[in-house]
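These features come from TrEMBL:
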- 55-405: domain 'Amidohydrolase-related' (DOMAIN)
- 64, 66, 213, 301: Zn(2+) binding site (BINDING)
- 93, 186, 216, 301: substrate binding site (BINDING)
Ligand SMILES: [Zn+2]
């Protein structure tokens, strides 16, 4: 059979459960999917990419961000959380968030993520139709939800309106191969139990993910305890919305009991270490959660609190953070860290049958990393060197659904000069206040 595209001479890390590798491997791609993979396969193809011994990996997965917040990158940083939110972020969002703001901001985010090897991301923001338009133009994959809150947002005056708009959004994109709609109640301190229950009902009815910020700060834990006499995870369980559809961002302060509860209910986590450090939220007990059997993936959070969308950098931070914090150098090893950004990321999104590993039949979301760099060589172990030495800028080629979207470190689907203009335009607007 003839393939559409063949990658040859790759040092392939499939990232499957057995960490299968092909040291001089080939991948044949047809109709956007992996047709065959291995060392001794031979296919004719319309196009052949010679990986030249470089490392070939599944596309990276960012399981929590607010993409359009690229337009607020660095804005008001280094202030106390309350000041940062109340004096910087929220006033700008109230004034400026619109279809145009979200589209322009997400274009910038998509450029940055493609350049960094991210092929799928999860977004929670407003005007998700603008995010979907940006994602489709960039030729990426994304799991998208509108943030639902009990007070008026840029997209909805009430939580019920947010839920209704989410239903429409789900219906519009339910069959898409690129956009995976989901429902996004913002957090237990911004959503009443009724809002959370209605949101879970939609998740069940339409078979989608339930994405929420959960147990991010000590302040949140205390607030939920005061209001509901339960810690955040327990609270969700008490009101009947803790199950395997939940993708919880942050999870910095779970109790021991909550860790076991989440493992039992198959809750998925998006660990956002750099945001947690920058906002001084604390350090999530990731090794304990993994040991308990919880699926832990990795997210950048928005660029206003990170301040980049660099998943390789994020797993490098995670791998070192938990060793240092726990004074134990064997915790979160390189294979585990890289799994968080690939296989475990796919599981967190319930897309493990489609993406996250390089296996026959899965979508051809593939990246090639240029390892012939002085800061990577000599390469004793590709997992270790990818996590501790490689930079996101070493990503040379990105293929999504069998189509080349980054080649020779150049993003092909987004015009760099155009998005730089947009970034400058929004900076002027935000500074002038109109
Ligand atoms: Zn967030």
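Using N, Cα and C of the backbone, Cβ positions are placed for all residues, glycine too.
Automatic, uncurated: that is what TrEMBL annotation is.
Taking the features listed in TrEMBL, we show where each one sits on the structure.
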residue : record                 : Cβ within 10 Å
64      : Zn(2+) binding site    : 27
66      : Zn(2+) binding site    : 25
93      : substrate binding site : 21
186     : substrate binding site : 22
213     : Zn(2+) binding site    : 26
216     : substrate binding site : 25
301     : Zn(2+) binding site    : 28
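Only 301 of the binding-site residues listed as 186, 216, 301 bring a Cβ under 6 Å of any atom of ligand 1; the order follows the sequence.
On the backbone, the CA of residue 66 (Zn(2+) binding site) and the CA of residue 216 (substrate binding site) stand 16 Å apart. Checked against residue 186 (substrate binding site) by C-alpha proximity, the binding-site residues 64, 213, 301 yield 213 as the nearest. As a whole number, the greatest separation of Cα atoms within the substrate-binding residue list 93, 186, 216, 301 is 21 Å.
Geometry remark: residue 216 (substrate binding site) versus residue 301 (Zn(2+) binding site), CA distance 12 Å.
Sitting within 8 Å of the Cβ centre of 64, 66, 213, 301, and not among those site residues for Zn(2+), are the Cβ atoms of 65, 124, 249, 250, 270, 272, 275, 299, 302, 305. The separation of residue 93 (substrate binding site) from residue 213 (Zn(2+) binding site), Cα to Cα, is 19 Å. According to its DSSP assignment, residue 186 (substrate binding site) is coil.
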